[in-house]
Amino acid sequence: AGGRVAHIPDRQSYAMSLQAQLRPPAVVVHHPGHASDEASVVSVPSLRQVSLVKQLPLRVGALAVPDSCTPFHHVVMPLHHASTWAKLSMDTEAALPQAPLTPGATPHSSFEGPTWASASSESLLKEHALPRGGQHVSPTYRWLLVALMSLEILAATGIVFGWSALALALRRDRVYFDLCEDQSAEGDCDKVEFQYSMIYSAGAIAAVSGFTIWGFVLDWRGSVFVRLCGLVLLVAGSLLFAFSDDRSFDAYLPAMVLMGSGGTGFFMSHFVIAQHFRYDHFGLVHALLNSFFDASTITFTIFEMLHRAGVSIRALFIGIATLCAMFAVLSSRCTWRGMLQPPPKVDEQREEDKREDKLLGPGMDASRCSARKQILIPHFWLANFWMLIQAFPIMFMFATIRMQMVHNAGGKSQSEADDLVRLFNWLILISAIITPLFGRLMDRCGIAAGFALVNCLGMFCFGAIHASDYTLLYLAFVAFGCFRAWHYGSCTAYTQGVFGGASFGRIYGLIQLWGIVASALQAPIIMLCLEQMSAWGDFLPINMSIEVASALAFA
């Protein structure tokens, strides 16, 4: 049989905390070789210091600290059947009386002599043992890990959606221009545009469908596995793109597919971190996750700027491959201190608090249902309706922003529309700066308040997009950036909060299928707009239809 002194982060402070909680002080000993509901508490008259890691003498066996890179010292105490005794460093230097250490029994040692009583480890470990996971990482280090999470998401997750900037660099290198009949074409060749659109479409489809695929893998194998798989695909895709050539080795399209799928997997692996902030900053972490994913389009924007300055595309993609490899090295437990694994389950009282907390409201906890039952309850179908209602206008705005600038508010010239589109691409990134405010709103007022604000922003930007006043138009651009980022932030917070971390990947992956439906609706709706533009004059009928659907979402 064996025993374990559970999780001693700091010997001196742990002794002080035990002295404050127990008279006399005690050490919790868990017996992994027996039933999970059995443990012992060894109580001693007084402790000068807890010196279990290096100075605890045992009759048999030796001490082991198997995980020294974490702040928790897991001290394994081999026990010889049921009669091994241990001596603790005490003021009196007295040893515990030798007596059979029966699993499930608690020796209460006092000056009058030892007495024995039955004990249940479930209550003892909850009261005295320090839980695993990232809960006892210092607050400063926890926020440093959130900063690392934000950097990883910004640098290497949704980068394929910044394709428009990368396409400028490819045009500058005249990639695929051999397909044009007029070799002097400056970007107006239809065959070049078709090749570029094919590459982007493949990458975007791989990224969007990856939410469903990686979601199931996330629940099956865990976040570390998904993280490493995503990074492997990112490294492979980046290197493939770096060494591609439109004449001898045309691998741009499969490279973009690998980066799109890998980026989504890498992104999905970070959601477990929000579970460690469930009772303080849950909404804030979800808002940051999704905001930086949306802002990751800036990676290819920076690539285009560096390429314009003379850096080759090959060097840029070798650089992103190296960065992803570094993120893979940082996937160890020494870096994340258990925050890439789900936190331990809280006790029944915390579960009761969860059902009644202000983040979700009463009656919204479905985490105890199986995944099959979860997809049958209204909570799931309301989330699907919300995703369809909000994902379509987000994609529609991106697909038609230039056409809307040309036709709305009496029309604008081609050059004015191009300038506004460039400004649009930068202004929507402001959401990443003010996202912490939205996260705190959800934490303080609940996810319902987040949904309401997202809906208001969406209705505002699709109305203000018709303004002739440029100030109002710029505000509409900023509002749209917030609408896009905060929509996904509130949706993931709702999904993980309501359905729990164990089935989050599957449930959110299924909800994201409606994003694919919304994407498929873009082409026929845009075709309808172009056919009716002579009669409508602008996009007002479609935008007003979006406004009406958004109003229904308030229910």
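In case you wondered, yes, glycine gets a Cβ from its N, Cα and C as well.
If you look up TrEMBL, you'll see 143-170 (among others) marked as transmembrane segment. Sequence-distant neighbours of the transmembrane segment (143-170) (same chain, 6+ residues past either end, Cβ-Cβ under 8 Å): 134, 137, 176, 196, 199-200, 203-204, 206-207, 231, 234, 256, 259-260, 263-264, 266-267, 270, 273, 285, 288-289, 292-301, 303-304, 307-308, 313, 320, 323-324, 327, 330, 335-337, 339, 425.
If you look up TrEMBL, you'll see 198-218 (among others) marked as transmembrane segment.
Here TrEMBL flags 224-243 (among others) as transmembrane segment. Long-range contacts of the transmembrane segment (224-243) within its own chain (CB-CB distance under 8 A, at least 6 residues past either end) are made by residues 156, 214, 217-218, 249, 251-252, 254-270, 313-318, 320-321, 324-325, 327-328, 331, 340-341.
Per TrEMBL, transmembrane segment is recorded for 255-277 (among others).
Annotation source TrEMBL lists transmembrane segment at 283-303 (among others).
Annotated transmembrane segment per TrEMBL: 315-332 (among others), in sequence order.
The region 'Disordered' annotation in TrEMBL covers 341-362.
What TrEMBL records for 345-359 is compositional bias 'Basic and acidic residues'.
Look at TrEMBL and you will find 380-399 (among others) tagged as transmembrane segment.
Per TrEMBL, transmembrane segment is recorded for 420-441 (among others). A Cβ distance under 8 Å defines the sequence-distant neighbours of the transmembrane segment (420-441), meaning residues of its chain 6+ beyond its ends; these are 164-165, 281, 283-288, 291-292, 294-295, 297-298, 301, 401-402, 405, 412, 449-450, 453, 473-474, 477-478, 480-482, 484-486, 489.
The transmembrane segment feature in TrEMBL is assigned to 447-465 (among others). Within the chain, the transmembrane segment (447-465) has long-range Cβ neighbours (under 8 A, six or more residues past its boundaries) at 283, 359-361, 386, 390, 393, 397, 404, 408, 438, 441, 472-473, 475-477, 479-480, 482-483, 486-487, 489-490, 493-494, 497, 539, 543, 546-547, 550-551, 553-554.
The feature transmembrane segment is assigned by TrEMBL to 472-489 (among others).
Residues or ranges marked as transmembrane segment by TrEMBL: 509-530 (among others).
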Are the transmembrane segment (509-530) and the transmembrane segment (380-399) close enough that 3 or more Cβ pairs fall under 8 Å, when only pairs 6 or more apart in sequence count? yes
Q. Between the transmembrane segment (315-332) and the transmembrane segment (509-530), do 3 or more CB pairs sit under 8 angstroms, pairs being 6 or more residues apart?
A. no
